[in-house]
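S.K.: Let me begin by handing over the structure; questions about it come next.
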Amino acid sequence: MAEGDAGSDQRQNEEIEAMAAIYGEEWCVIDDCAKIFCIRISDDIDDPKWTLCLQVMLPNEYPGTAPPIYQLNAPWLKGQERADLSNSLEEIYIQNIGESILYLWVEKIRDVLIEKSQMTEPGPEVKKKTEEVVVECEDDPIVPPQPENSAKAVDVRVREKPREVEEIPPIDHGVPITDRRSTFQAHLAPVVCPEQVKMVLSKLYENKKISSATHNIYAYRIYCEDKQTFLQDSEDDGETAAGGRLLHLMEILNVRNVLVVVSRWYGGILLGPDRFKHINNCARNILVEKNYTSSPEESSKALGKNKKMKNKKRNEH
């Protein structure tokens, strides 16, 4: 190892130890070997109104000649607001080249959240819009305890805790799929109204690992007996088109009265189209396991039938 690399490694280790000591449970080690970490930052520890997850990967050249590779995860952070915060972090790096800056970044973000809480209404604490970079906050997957028309549903993203008018449905967790350090895991709950969708999402996001996932893609279908229609919707959570693909799978399998959430923890290697395959496989596996489809064989037949119908339509045009 070069002398410079050894020096950087020592400084990184010292900074990591300091961050863990300062922030305690808020500081999470994602991949110690790859130097990937995340920290959940809020405007107020006891009564958070605004929360953001900062995920960082420390390159070998940091802090000497390169900045940390970072990702800001928050559902409300978009457009100019995201650009302004990114510019602030990059300005801190430029002003402190060669120095350890993670603490400065965290406290800058906290200042922004505090300022935001004083100026605006509370935002969602638990979901986030991200792009395909970096990961979550713990290593182990979640372990579970021992004629039809489509009607677009109202936006059910969690903006406040739902009223306790319904019992929270039971939530099941699927077997994780891991590929090139990315992990995918499905979560499923029976739902019969949008209020239950909100409740399940809120309950899931109470789990630090799930709420810190790079993406939480979901879709649901609720059959309305009186109108003979489906109430359904989906959410990409920053993984473009993933929610629509998941909903399409559920339509093909003709499942009803169910919510499926697929968490993805990105491991630093781009998967390309394979990520959509893993998302749908996770969802399909748990739907089959929980008997929302008749059998794996019938699910495959349904998919094959759908492809044939599409090909037939193409040939007719």
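Using the three backbone atoms N, Cα and C, a Cβ is placed for every residue, glycine included.
Below, the features straight out of Swiss-Prot:
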- 14-116: domain 'RWD' (DOMAIN)
- 292-317: region 'Disordered' (REGION)
- S295: phosphoserine (MOD_RES)
- 304-317: compositional bias 'Basic residues' (COMPBIAS)
S.K.: With DSSP, how much of the domain 'RWD' (14-116) is helix, how much strand and how much coil, in residues?
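M.R.: Tallying H, G and I as helix, E and B as strand, the rest coil: 45 helix, 25 strand, 33 coil.
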S.K.: Quick one: average pLDDT across the domain 'RWD' (14-116), no decimals.
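M.R.: Taking every residue of the domain 'RWD' (14-116) together, the mean pLDDT is 89.
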